[in-house]
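Colleague: These came from TrEMBL, pasted as-is:
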TRANSMEM  89-108  transmembrane segment
TRANSMEM  120-143  transmembrane segment
TRANSMEM  149-172  transmembrane segment
TRANSMEM  203-220  transmembrane segment
TRANSMEM  232-259  transmembrane segment
DOMAIN    280-394  domain 'FAD-binding FR-type'
Amino acid sequence: MSAAVADSSTPSGDYVASFSQNDQVVQVASDSANPQNNRTQVAPVKPGSSPFDCLKRAWFSVRWKLSRCIFSRPVPFLTAKLDLNLGDVLITLPVSAVVLAINANLCAREQVKESGSLPMIAMIVVFALTVRNNSILLTLTGLPFERALLYHKFAGVVAILLSGLHGLAYVLEDAGIAAVQRRLGGGVGAGTPLIERQTSGAILFYLLAALWVFSLSPIRRRFYEAFLRLHWVLFIAIVVFSIIHGAGGVVIGLIPWALDLVFRHGYLVQKNFRGGLSKPGVISQQQVSMSHLPGDILRIQFPRVRADTGSSFKYEAGQYVFICVPKLSLLEWHPFTISSSPHEVLVTIHIKALGDWTKKLLAAVPLTSDGAHQVVAAPFPILVDGPYGSVSVDIENPTTYSHVALFSGGIGITPMQAIANQLFFDFHHRGRQALKKVHFVWSVRERNMVEAMMNADFAEARKLLQGHTPAYLPDDLLSVGPNGGSTSPSDVFKTEFYLTRGHPDPENPIDRQLQHCLRYNTRPDVADVMKSLGQDAQKHGKKRVAVLVCGPSALVRDVITQAMKLERTSKIKYDVHTECFDF
């Protein structure tokens, strides 16, 4: 396996020995005879000299403070059940209620023209929020992809309701006109502008309603490819009939969407793969490798630093990329979290085969004749768009949080693994001694997923890579000391894996290697983990705990609920960042 990884990384099979990482100079000391002795030395962080960088960091600091103090604060019932935070209670819901009330009043007064302005504005918002990635809008607001998608759906529902009220105003006005004309002995011709507007408006309303119906979660998740194509068809039809109806202003909402589209496909994909006339792209297709892992998981990897050019794929822990496989579909771009950390030599993405597209992708990667799982060169080209996103809690600033809880369920381990590895690297190699406790919890059903994510062969192969710095997961976790615990010189990091549908298997290597942290046939006690961290934070004079969760909606709701309960009974604030991967 190690040879396969090395051969697929660079033409010579070697990685660069020094590289630039996030405005830092990284020097690698490599001991080829004893790869386990390899260490990475990181120079002190150099403050950005650019005024734009200083302004950006200052804004991010303000954004994080507003998020944890106001906008992202959980609200009983609403947050756990409907994913609505305090910011939504203070702004989103009241604004929506006022807008609907205004249009209802205009409808009652039969003000047809006036009642059509608000639906058009709502549709502009809907189109603007289709900007899924790191556009100016999402960068300034700090909205993660899932949150922007939630507001896109919410604005769509409001637009449909406003359009319904606008249509009702037409009906009321038409009833009044018909009554007058009957008394005068006249009628309304089928070709009059009023009838044309009514017809185009009715078609537009039905198109909006159809778009909403086919976007419902059960339909979208079961028939995703059909949903995607139908979404495009209905979207184009809605724009056309909006213009026919006289609501051409909706095209304003297409401007940021179009700019984002050009930026992603015209610049980012070009930069990542094709490059320019004088310089190749950051990612070489010849250096992309894939591995078919247990548990129907596909692992995609490529060198973070391209050896022949020195170009670096820069990203942050917890970010995600969009992947397109032209062999499967030119139109489909799917988001996947980067499961490696920025300091690692290889950029790693784990994909769980759950939907139609991911199952086709997994099936397209060949197994060996004996069914073994090994690293192979990518059998087809892929396109990578990104990275995008950021976590909503300030885990980068070493003074903000000293205690961090990381909860994950199933394939939701990917962002939590990246963040845990980054914190581990900061603590051991960058002197982040302000970090006191990091508790990593992973709840998973199948043992084969544990085998895939904590692959011992992969961990051993990585040690042979020049410049490799041991990661917490899986390197350090699999290095079991004589007392049955991790060989890490600190007790700052604690890990618990919960195999909810399994029992101990002494013959299984993964059970032996993870015996110090693997729990069987049980689920994590979320409240106990968070309470313990809160108590330890109080002992160190801290008032906040960072809690990050990614997994099934039930786990996310449990974490949010327990955080609110603990805040009522303690002096500790639990700042929660959630990811659900429910697209």
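Note: Cβ is positioned from N, Cα and C throughout, glycine not excepted.
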Colleague: By a Cβ-Cβ criterion of under 8 Å, what residues six or more beyond either terminus of the transmembrane segment (89-108) are in contact with it?
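Modeller: 70, 75, 78, 114-115, 118-119, 122, 151, 154, 158, 161-162, 165-166, 168-169, 172.
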Colleague: Using Cβ atoms and a strict cutoff of less than 8 Å, what residues sit near the transmembrane segment (149-172) while being 6 or more residues removed from its termini?
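Modeller: Same-chain residues near the transmembrane segment (149-172) but 6 or more away: 83, 92, 96, 99-100, 103-104, 106-108, 110-112, 115-116, 118-119, 122-123, 125-126, 129-130, 132, 143, 197-198, 201-202, 204-205, 208-209, 211-212, 215, 583.
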Colleague: In this predicted model, what is the average pLDDT of the domain 'FAD-binding FR-type' (280-394)?
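Modeller: Averaged over the domain 'FAD-binding FR-type' (280-394), the predicted model reaches a pLDDT of 83.
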